[in-house]
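Visitor: Take this structure first; my questions come after.
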Amino acid sequence: MVFLFSWNVAGLSTVVHRIHASYSDGAKEGSGSSSKNQKKGLGGHCRVFAGYFERHASPEIVCLQEAKIPKSQLTNRSEPRGCANVEGYESFWSCRLDDPSKGMNGVVTYAKKGTVISADAFALGDPKLDNQGRCVLTDHGNFVVFNVYVPASGSHSVKDKMRFLQALQRAMKKQREVHNKAVILTGDLNISHGKLDVYWKDLVLHVNELLRQVQQHRQTSATAATTTTSNSRDDFPRWKRQLAEAWPLIVETMKTKEVVPSQTQNSKTGEKFDKFRLQVTMSNPTRIVPLGKHCNVKEYCLYGYCFDEMGFYIDPDTNAVIPTQQENSVALSILQELMFKIAKVEWSDETLKTIADSSDAGRMCCNPFRQWLSKLLEEDDMVDTFRHFYPSARGRFTCWDQYTNRRYENDGTRIDYVIVDRSLSAFLEKGGPLRTGETFVGNKNNPPIKKSDPDAAVAMMDPLTEEAALAAATARGQFRMAAFEGGGIAEATQRTLDTQFGPRHTGIVYTPPSFSDHVAVSLLLAGGSGDTASDGDPPSHWRCKGWGNLVLAGNDPATKKAQPHKVQKSIASFFGRQGGTGSNKSTVSSKPIIPKLPKKRPTIESFFQPKSETPQGKGTVGQARVATRTSKRQKKKGTVPSILSHFSKK
């Protein structure tokens, strides 16, 4: 079998140290490495990750995003706890090169030795994109793995993000058509695809369509009133009428929106923070109404509130004008706020949930990123492995806002994926069950399904429900949120931390919130014998000949670039490189290197004893210098008598 584990660690250094703090006693000693070297990350193997991978059922492939490890740390082997060298694994890195000082982005794939042939940290074929450290490709014989960290929408323009996605799609197509490989795409795509992949309050209502429905209903009702006298029941939703009545006031008020400086204060320490907040001005009477939350960045305050605008993006390949935002499409949570603060109409969460479950609530129709992912699944014939097994699972998210404790309400999004070519779908295995916050007890490779729940009275949950998803995200309430006054995320017990471990499966691995704001996703492919496909034919199996004993092409230029931690300095550069010379070339000194002889402790006899002359051309350099000094002294009349001989004559 192949078990793949993919996780946005949001900073590998922090995660490695947290894992070490929680599991160092269970990690095995690395060969030939001292604890001092492990702490500094010098040489040896990373015992921390080796033990951690083992607890996670020993995945054959581990893909990490947002490593944030500069290439310089890898080349001089100062990466945290030697995490480039995990016993039994090869590691392949793509580091940010366009601005290495920031140390952001970065992806790394660990593959068990014998399962990987080559790697490429420049697989996109676009230097500008490849230098961002967002993609690394590994070749495993019959299939390749693209480990990616796609740009986020907030910090990058639509054009930049689409450029990356289109380059990625071309690179995957090249692997299929030119190299005859099946493709696995995994990582943080920063795209939430379907209606079930976002928190229900983040679904949108298309207000223009709702206004059309209300207008049509009014006309139908007016016509019916003139043709019949019966008092038939009107089942038209009340919330739609309320929205239609309030919308003109909302539109007029939102024209006054502005972002102004604001200040928040820590209630515990009294510390103040300068921030921004959105506000509108209402009349009759005139008053200021704040909207949304306080933000560190001015532009973030407007997110979701500029619904009166249309957005467009010009495709650089086709020059087509593609809409990116639909007019008057508003998130349920924002609409609930506007109805209450502006129109004085209160929609309860129960009402809002009813709206969310209706066919009126959905996703933004013209989002180009979701359209790209839909095209990948439909036209490129790929499979979202999580939805393959759990098409109706609710609340199964992979990322939450840590700063506002959203994980503890399960207000998140599913933006981390494992997507495979349909040719591999026949080998997909569900494996262990979808988690509900329970603790699995068993050995490292095949933990049994027997559960050891902290609360034996808790009935087994339906894993497809939002209740079960919340239980999984919080370890059934055992993970505690951070206090808003500060102090960080509350420390979890060892038993609670251990809820992340379980059997091999295709699904979601609920790593602790103190490790990262993302949890991991996983893939399980069934085992069996395979063969390399004939020329022009797609691989008939993921398993190629020699699987488990594949030889890494260590001299392949692309593979060498993906392993900067293996770069070795030559002897010439070791002796010849001098600091501050400004030269990039290594030179070897032409002067002979004379080893220093150990010094002998002088005695009184040796001090006064005349030094014998060493014949020219013989002896060491040190002896030659002594002979020269002795010869000069002997040119003077007489010699210094030995003090011992002087006293012996008396």
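Every residue, even glycine, has its Cβ placed from backbone N, Cα and C.
Pulled these features from TrEMBL for this protein:
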DOMAIN    6-238  domain 'Endonuclease/exonuclease/phosphatase'
BINDING   Asn8, Glu66, Asp188, Asn190  Mg(2+) binding site
SITE      Asn190  site 'Transition state stabilizer'
SITE      Asp416  site 'Important for catalytic activity'
REGION    575-650  region 'Disordered'
Visitor: Taking only the Cα atoms, work out how far Glu66 (Mg(2+) binding site) lies from Asp416 (site 'Important for catalytic activity'), in Å, as a whole number.
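Guide: Answer for this pair: 12 Å between alpha carbons.
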Visitor: Taking DSSP three-state, what's Asn8 (Mg(2+) binding site) in: helix, strand or coil?
Guide: strand
Visitor: Find the average pLDDT over the domain 'Endonuclease/exonuclease/phosphatase' (6-238) in the predicted model and report it.
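Guide: Mean pLDDT across the domain 'Endonuclease/exonuclease/phosphatase' (6-238) comes out at 88.
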Visitor: Determine, using Cα-Cα distances only, which of these binding-site residues is closest to Asp416 (site 'Important for catalytic activity'): Asn8, Asp188, Asn190.
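Guide: Comparing Cα positions, the candidate nearest Asp416 (site 'Important for catalytic activity') turns out to be Asp188.
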Visitor: Using a Cβ cut-off under 8 Å and a sequence separation of 6 or more, which residues in the same chain sit near Asn8 (Mg(2+) binding site)?
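Guide: Result: Leu64, Gln65, Glu66, Tyr149, Gly187, Asp188, Cys399, Asp416, Ser516, His518.
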Visitor: Starting from the Cβ centroid of Asn8, Glu66, Asp188, Asn190, which together make up the recorded Mg(2+) site, report each further residue of the same chain whose Cβ lies within 8 Å of that point, ordered by sequence.
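Guide: Checked against the 8 Å cutoff, the neighbours are Ala10, Gln65, Tyr149, Val150, Ala152, Gly187, Leu189, Cys399, Ile415, Asp416, His518.
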Visitor: Please work out the number of neighbouring Cβ atoms within 10 Å of the Cβ of Asn190 (Mg(2+) binding site), leaving out its own Cβ.
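Guide: A 10 Å sphere around the Cβ of Asn190 (Mg(2+) binding site) contains 23 other Cβ atoms.
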Visitor: Please work out the number of neighbouring Cβ atoms within 10 Å of the Cβ of Asp416 (site 'Important for catalytic activity'), leaving out its own Cβ.
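Guide: Looking across every protein chain shown, the total is 24.
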Visitor: Including all protein chains displayed, how many Cβ atoms other than that of Glu66 (Mg(2+) binding site) lie within 10 Å of its Cβ?
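Guide: Taking every protein chain into account, the count is 24.
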Visitor: Test of understanding: give the count of other CB atoms lying within 10 angstroms of the CB of Asp188 (Mg(2+) binding site).
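Guide: There are 26 such Cβ atoms around Asp188 (Mg(2+) binding site).
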